[in-house]
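TrEMBL annotations:
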type	residues	note
DOMAIN	34-258	domain 'AIG1-type G'
BINDING	46-51, 65-70, His160, 208-209	GTP binding site
BINDING	Ser50, Gln68	Mg(2+) binding site
Amino acid sequence: MAAQTKEWSGINSFAPATQTKLLELLGKLKQENVNSLTILVMGKGGVGKSSTVNSIVGERVVTISPFQSEGLRPMMISRARAGFTLNIIDTPGLIEGGYINDMALNNIKSFLLNKTIDVLLYVDRLDAYRVDNLDREVVKAITDSFGKRIWNRSLVVLTHAQLSPPDGLPYEEFFSKRSEALLKALRLGAGLKKHEVQGSPIPVVLVENSGRCSKNEIDEKVLPNGIVWIPHTVEKITEVALNGSKSIFVDQKLIEGPNPNERGKFLIPLILAIQYFFAIKPIERAIRKDIARESRPAWETRDASLVGRRF
Ligand code: GDP
Ligand code: MG
């Protein structure tokens, strides 16, 4: 018999107003017949993935570390509350020494085999000032592993959100510039066309995992822009879960991706047809026209007249 899922008691550690909002959101999910959610957390190392998992669960369930000693294995935490089950999967960072850590990626893939991913949290820091190739590499690795569709089910999470932006930039402006830059890298890395993200843009949420996060007058954790981030994040997760796109079921085929030998094979008949209609046909036509137009060569007429003369 499967072990019973632990009670999600971490909710009790939140401010009463936050608890009420969270229970309302779980109620909303259940109303839509969503009785469980599996959330996958991915991103580079040290960006605050594990801390975010702990913050959302409301318990210290996974180890956090300021140094690169994350281990290579993903970890799933399951908690049940009011008939709803939350599964949240913390993963090791995907980058090591400037490259994609294939071992970590493979561990994540086999860990997820036969699981369904309802929501992806793509985590990075708010207080990073550039995006580079590595960001695109991470996004590409995720896309290659789980398909483009995973981005319809994703949320960008920016940690370290309690900050004073540099150069006196207003907080909202800094947030929107950072989001835009990251979303652009994400679109490029995932190979998403503009129209593929239009209509359902990827939401970006802010998170402050530090115990020093400011609180409002009713004791809820609040960001410099006034957002009470825990219920806000869970609300956005709920919206993604209910956005009508399909969850990602991770099967062997998805993990292995298209076989490089098979890739593009389906294009062969199309290429042949194109060659036939746009190359062979016009050449044939040209030859036929040429033959029809061709005046009889001089030697032929001459020979014919010689023949005529002799007999
Ligand atoms: P992971 O490697 O992505 O899992 O990152 P961790 O959660 O282990 O965090 C790496 C370091 O960043 C730890 O020292 C955390 O305490 C710190 N950290 C994570 N999130 C935040 C945040 O939102 N604010 C601050 N100030 N520190 C954070
Ligand atoms: Mg971690």
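Along the chain as shown, the residues are counted starting at 1.
Every residue gets a Cβ built from N, Cα and C, even glycine.
Automated prediction, rather than curation, is the source of TrEMBL annotations.
The structure, with features from TrEMBL marked on it.
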residue : record           : DSSP (3 states)
Gly46   : GTP binding site : coil
Ser65   : GTP binding site : coil
His160  : GTP binding site : coil
Asn209  : GTP binding site : coil
By a 10 A CB contact count over all chains shown, which of the binding-site residues listed here is most packed: Ser65, Asn209?
Asn209
Averaged across the domain 'AIG1-type G' (34-258), what pLDDT does the model get? Just tell me the whole number, please.
93
Counting other Cβ atoms within 10 Å, pick out the least crowded of the binding-site residues Gly46, Gly48.
Gly46
Of all the binding-site residues given, Ser50, Phe67, His160, which has the fewest Cβ neighbours within 10 Å once its own Cβ is left out?
Phe67
Ligand 2 is in the model; which of the binding-site residues Gly48, Ser50, Phe67, His160, Asn209 have a C-beta less than 6 angstroms from one of its atoms?
Ser50
